[in-house]
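Taking it in order: structure first as structure tokens, then the write-up.
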Amino acid sequence: MKIRTQLIISIVIFCSALLIIAATMLMTDQQVSQLNRQQELVTNIELGAGELGYLSNDFILYNEKHQLDRWSSKYAEFSDDISKLSVNTPEQQVLVNNIKASQQRLKSVFDDVVLTLQDENQVLYSSDDKAYIQISWSRLAVQTRSILFDASRLSQMLEEQENHVKQTNNMIIMSLLGAFGAFILLDYWLVFGGVIKSIGDLKAGTKIIGSGNLDHTIKARKVDEISELADAFNEMTTRLKNVTASKADLEREIAERKDAEEALRESEEKFRSAFANAAIGFAMAAPDGRFVDANPAYCMITGYSIEELRTQMIRNLIHPDDLEENMRLIDRMLTGEIPDFVIENRYFRKDGTFVWVRKSVSVVRNAEGAPQWIISLIENITERKLADERLKEAKDQAELYVDLMGHDINNMNHSATGYLELALDTLKMEGNLRPDDKLLLEKPIQALINSSRLIDNVRKLQKLMTQGIKTRPVDLHQIFEELGRLSYYKGERDVTINIPPVPHYRVEANELLSDVFNNLISNAIKHSDGAKSLIIDVRVEPVIEDGRSYYKCTVEDNGPGIPDAVKDKIFYRFQRGDTKAHGKGLGLFLVRTLVEGYQGKVWAEDRVPGDHTKGVRFIVMLPAVEK
């Protein structure tokens, strides 16, 4: 604590003590004054009681009206003095109550005497009259003495209370003076004793520093003005030590600077070597686009020499079709909107031809943050661009062939299927259809149907891979209503498909959603065992998962099922369940591709948990359209 703060605290405490003493004395004076006033009232009451007794005797003896008037006037003064009594203790209040009671009794006795002596001409000289006078005097004297006794006792109590108040006040004042004196002594011992010791430490420290020991530190005993002075001495010593640094330190600093300059020179040489021998083009340009420097690779890509490039602007080399986008990005970079950018565009060479380059552009700013250089790194990607174009052309041509072949093969499959079904129906009608002949006709019909479905799935997958999946709200009621009207080739299988009415649930999907459930139902029929009846159940219910609304679509059957080891693989290309049917697994791959494109989920599980031989259940989770 600083000396000034300690002094302020001492003054505040001193003033507070004085204020407390003054307040205590003032309160004591007020209490003493109030007690004195009460004592004066008690004295007046004593005198009034005596005078009332005297006036009562005169009235009894002479029965004169002016004596009655004097008694009434004096009684009024006497009553007023009693009403002004105000005491603090219960004992005093008891005496006041006694005085008031005696006052009332005195008034009552005197009023009885007055009523008896109403006849002004009546003189009491008979023996009975003398007895009445004696009794009245005695009654009045008793009340008067009672008042005098209680008043005397009350006066004594008030005097004792006054003395007690004065003694208490004196004790408080002496205690405050004693505490303040102790504080003054303690403050002197702490403040002034500490100051003297701190000054001694400061003096000894300055002698040590003056002798040449610049490593010495003056330690302060506490935080005050002397400690600030010690800190100033220590700071001065530190600065003096720095100013008088040794020659070895200066030489070491010079050597370090030379080493740094040598390292910088080597770094610049490495940069220059990398700049000159880099396989990619490197160029520097001013913020206005004028070339300043370029490496040999940049010159080779553009066909210009370094001297010729310095006469060119960046915009002069860029193909007109690519110029606007390039300049827009450069402007955004120079204004600080973006730090850098990468772009592929065409550059004109000196011979008039153009090359495709992949260009990475950044900006170097000065100390004020203003653009100083534009740095360009370019790589010749002409061969890659040409290869990409050839690949795209080949892909487009292959897609055209796939489309044409798929269309033609589908037509041929439909024709062959029609002829085979016609032959099958004709033999049935003629009664010439043998069981072996029927099997020989149904097998190619099923193969042709599978072939058409495979081609259809391939074409849809090819479309999805090239165009992507775009979704819109789709009504599940309409999808399943159309699904119920479709017919499936069942051969001799006993197949039951249960599709109950579905409410107008709306999901995020597209027109290919019906293919999802069509493939799942066809897959169940195709993979079933013809020896027993096949039952396919379809259900839809709304669910909430991870806080999002879905519609859970279930397609389950009582077919041969899918082993656990295969369940995770059937939705990928060229995978299928353990079944006697042939195929390449594109149906379920198409299902997964579509459902995931709708931001949904699809998986397979056992219809009877733990027993895959009891059939399979496919679960399709489709995101609901938010209302």
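Numbering starts at 1 and runs along the chain as displayed.
A Cβ is built for glycine as well, from the same backbone N, Cα and C atoms used for every other residue.
Here TrEMBL flags 6-27 (among others) as transmembrane segment.
Under the heading transmembrane segment, TrEMBL lists 171-191 (among others).
Sequence annotations record features per position, and here TrEMBL assigns domain 'HAMP' to 193-245.
TrEMBL lists 233-277 with the feature coiled coil.
The domain 'PAS' feature in TrEMBL is assigned to 267-337.
Counting residues of the domain 'PAC' (341-393) by DSSP class, helix then strand then coil, yields 12 helix, 30 strand, 11 coil. Taken from TrEMBL, the feature domain 'PAC' applies to 341-393.
On the 0 to 100 pLDDT scale, the domain 'Histidine kinase' (404-626) averages 79 in the predicted structure. The domain 'Histidine kinase' annotation in TrEMBL covers 404-626.
Break the domain 'PAS' (267-337) down by DSSP state and the numbers are 41 helix, 12 strand, 18 coil.
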